[in-house]
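Engineer: Would you mind keeping the following structure in view while I ask a few things?
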Amino acid sequence: MTNYRVESSSGRAARKMRLALMGPAFIAAIGYIDPGNFATNIQAGASFGYQLLWVVVWANLMAMLIQILSAKLGIATGKNLAEQIRDHYPRPVVWFYWVQAEIIAMATDLAEFIGAAIGFKLILGVSLLQGAVLTGIATFLILMLQRRGQKPLEKVIGGLLLFVAAAYIVELIFSQPNLAQLGKGMVIPSLPTSEAVFLAAGVLGATIMPHVIYLHSSLTQHLHGGSRQQRYSATKWDVAIAMTIAGFVNLVMMATAAAAFHFSGHTGVADLDEAYLTLQPLLSHAAATVFGLSLVAAGLSSTVVGTLAGQVVMQGFIRFHIPLWVRRTVTMLPSFIVILMGLDPTRILVMSQVLLSFGIALALVPLLIFTSDSKLMGDLVNSKRVKQTGWVIVVLVVALNIWLLVGTALGL
């Protein structure tokens, strides 16, 4: 009886510790369902039905492994990826990495900020510029939570992630997809045209986020409680749950677009405004409203995450710190410029996701090198299978990007 109580008590303690360590992956996961995903997934689903769902499945599995490696680096070394690059690489390489990481972070924030502004425009009937102002105010308010520590921010962003997931369950019910075709699209690879390759690269860029690779290692580098192995075990659960939710949202997003638009003849829907307006007569006003609300939630939470990632990148690479409100103000400017110039916001969203896909390999290569170094990682060093899988992911990403560049240059 005594042994049972001891085991029960230790089991409760282990569960309590796992719960206490939950959260960092939810902040990372929100980057995987930002408005860039909305734009790319809607275009892919409307244009090609269920044919590109397999890209989402494999990209999400890759993302799970990548985020586990990023989190593991922080746990094992007490330093984030940017700091490790700074400590191990020559200064010119470090400065190159910092510049490209800042560009990637700003491209990400552009997509997220404009996406939230579009969401406000759709559900409130305001102008895009007014939506951008509302987005700026809302993100400043959310960032103020950082003053109270990481946990309050994790709870708010985790709540927004769950809201977006719930919203897309509702959208799935409204759209009534063909489950047999949906399942086929998830498991059978298909890239029927050069446009499909372009969108596949965009889906990859929208699903595997370079800036979140840097951020996640910083969120776990100061975790406390239990042994390193226990913290790593809890982190794997954290990543598995958060990334499964994010992957589900991306799948449902593309499947909903396929069911609602592609199979009703609206294959040219490539604009978030058009998607919202088309949903109203096809499904219902409620479905369109849920779409708008989920876009706002995804945009607000992911633009906050983008701001945090930019801060980590700057501090890690060049040891320079600026207040979060200053960074938020500066990174809002490109979004306002795009809006004031009257550029197509949805096209900007998709292009930003393609740009992101070029930053994945640059973040992945050092991540794999560091996490495969037994001197750095100790007992958390990568296994041979993980190393091999990681390099396969790098090769796939680079190959897809080369295919995209050649196809674009030749006008294929």
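If you go along the chain as it appears here, the first residue is 1 and each next one adds 1.
Cβ coordinates are placed from backbone N, Cα and C, and glycine is handled just like the others.
Feature list, courtesy of Swiss-Prot:
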type	residues	note
TOPO_DOM	1-19	topological domain 'Cytoplasmic'
TOPO_DOM	40-51	topological domain 'Periplasmic'
TOPO_DOM	72-95	topological domain 'Cytoplasmic'
TOPO_DOM	119-125	topological domain 'Periplasmic'
TOPO_DOM	146-155	topological domain 'Cytoplasmic'
TOPO_DOM	176-196	topological domain 'Periplasmic'
TOPO_DOM	221-238	topological domain 'Cytoplasmic'
TOPO_DOM	259-276	topological domain 'Periplasmic'
TOPO_DOM	298-327	topological domain 'Cytoplasmic'
TOPO_DOM	345-350	topological domain 'Periplasmic'
TOPO_DOM	371-387	topological domain 'Cytoplasmic'
TOPO_DOM	407-412	topological domain 'Periplasmic'
TRANSMEM	20-39	transmembrane segment
TRANSMEM	52-71	transmembrane segment
TRANSMEM	96-118	transmembrane segment
TRANSMEM	126-145	transmembrane segment
TRANSMEM	156-175	transmembrane segment
TRANSMEM	197-220	transmembrane segment
TRANSMEM	239-258	transmembrane segment
TRANSMEM	277-297	transmembrane segment
TRANSMEM	328-344	transmembrane segment
TRANSMEM	351-370	transmembrane segment
TRANSMEM	388-406	transmembrane segment
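What does the local environment look like for each feature on the list?
Structural biologist: Each residue in the topological domain 'Periplasmic' (40-51) gets a DSSP state, and the totals come to 9 helix, 0 strand, 3 coil.
Long-range contacts of the topological domain 'Cytoplasmic' (72-95) within the same chain, counting only residues at least 6 positions beyond its ends with a Cβ under 8 Å from a Cβ of the stretch, are 101, 213-214, 216-223, 228, 231-232, 235, 312-313, 315-319, 363, 366-367, 370-371, 376-378, 380.
Within the chain carrying the topological domain 'Periplasmic' (119-125), a Cβ under 8 angstroms from the stretch's Cβ atoms is held by residues 35, 131, 134-135, 272-273, 276, 288-289, 291-299, all 6 or more beyond its ends.
Over the topological domain 'Cytoplasmic' (146-155) the predicted model carries a mean pLDDT of 73.
Residue counts for the topological domain 'Cytoplasmic' (221-238) under DSSP, helix first, then strand, then coil, are 11 helix, 0 strand, 7 coil.
Residues 35, 38-39, 42-43, 45-49, 115, 118, 121-122, 174-178, 282-283, 288, 291-292, 295, 344-346, 349-350 of the same chain, all 6+ positions outside the topological domain 'Periplasmic' (259-276), place their C-beta atoms under 8 angstroms from a C-beta of that stretch.
Taking Cβ pairs closer than 8 Å, the topological domain 'Cytoplasmic' (298-327) reaches residues 27-28, 30-31, 33-35, 37-38, 80-83, 85-86, 94-95, 97-98, 101-102, 105-106, 108-109, 112-119, 135, 138-140, 142-143, 146, 153, 156-157, 160-161, 164, 211-212, 214-215, 218 in its own chain, all 6 or more past its ends.
With a threshold of 8 Å between CB atoms, the same-chain residues lying at least 6 positions outside the topological domain 'Cytoplasmic' (371-387) that come near it are 65, 69, 72-73, 75-77, 84, 228-229, 232.
Only residues 6 or more beyond the boundaries of the transmembrane segment (52-71), in the same chain, are considered here, and those with a CB under 8 A from a CB of the stretch are 24-25, 28-29, 32, 41, 44-45, 81, 182, 185-190, 196, 199-200, 203-204, 207-209, 212-214, 216-217, 219-220, 232, 235-236, 238-240, 243, 246-247, 250-251, 254-255, 258, 364, 367-368, 371, 382, 386, 389-390, 393.
Distant neighbours of the transmembrane segment (96-118): 31, 34-36, 38-39, 82, 85, 89, 128, 131-132, 134-136, 138-139, 209-211, 214, 272-273, 295-296, 298-300, 302-303, 306-307, 309-310, 313-314, 317-318, 331-332, 334-335, 338-339, 345-346, 348-349, 352-353, 355-356, 359, 362-363; these residues of the same chain sit at least 6 beyond its ends, with a Cβ under 8 Å from one of its Cβ atoms.
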Engineer: List, by number or range, the same-chain residues at least 6 past the transmembrane segment (388-406) whose CB is under 8 A from its CB atoms?
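Structural biologist: Beyond its ends, the transmembrane segment (388-406) has Cβ neighbours at 62, 65-66, 69, 197-198, 200-201, 204, 208, 354, 357-358, 360-361, 364-365, 367-368, 382, 412.
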Engineer: Same-chain Cβ contacts of the transmembrane segment (239-258) under 8 Å, 6 or more residues past its ends?
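Structural biologist: Sequence-remote neighbours of the transmembrane segment (239-258) are 22, 25-26, 28-30, 32-33, 37-38, 41-46, 48-50, 52-53, 56-57, 60-61, 63-64, 67-68, 71, 158, 161-162, 164-165, 168-169, 171-172, 174-175, 177, 182, 185-186, 203, 206-207, 269, 275.
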Engineer: Can you tell me which parts of the same chain pack against the transmembrane segment (277-297), counting only residues 6+ beyond its ends and a CB-CB cutoff under 8 A?
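Structural biologist: Same-chain contacts beyond the flanks: 35, 38, 115-116, 118-120, 122-123, 160, 163-164, 167-168, 170-171, 174-175, 260-261, 264, 266, 269.
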Engineer: Considering only the recorded stretches 20-39, 126-145, 156-175, 197-220, 351-370, state which has the highest number of Cβ pairs under 8 Å to the transmembrane segment (328-344).
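Structural biologist: Against the transmembrane segment (328-344), the leading stretch is 126-145.
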Engineer: With pairs 6 or more apart in sequence, are the transmembrane segment (197-220) and the transmembrane segment (156-175) linked by at least 3 Cβ pairs under 8 Å?
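Structural biologist: Per Cβ check, the transmembrane segment (197-220) does not touch the transmembrane segment (156-175).
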Engineer: The transmembrane segment (126-145): which same-chain residues, six or more beyond its ends, come within Cβ distance under 8 Å?
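Structural biologist: For the transmembrane segment (126-145), the sequence-distant neighbours (Cβ-Cβ under 8 Å, at least 6 residues beyond its ends) are 113-114, 116-120, 152-153, 156, 299-301, 303-304, 307, 324-325, 328, 332, 335-336, 339-340, 345.
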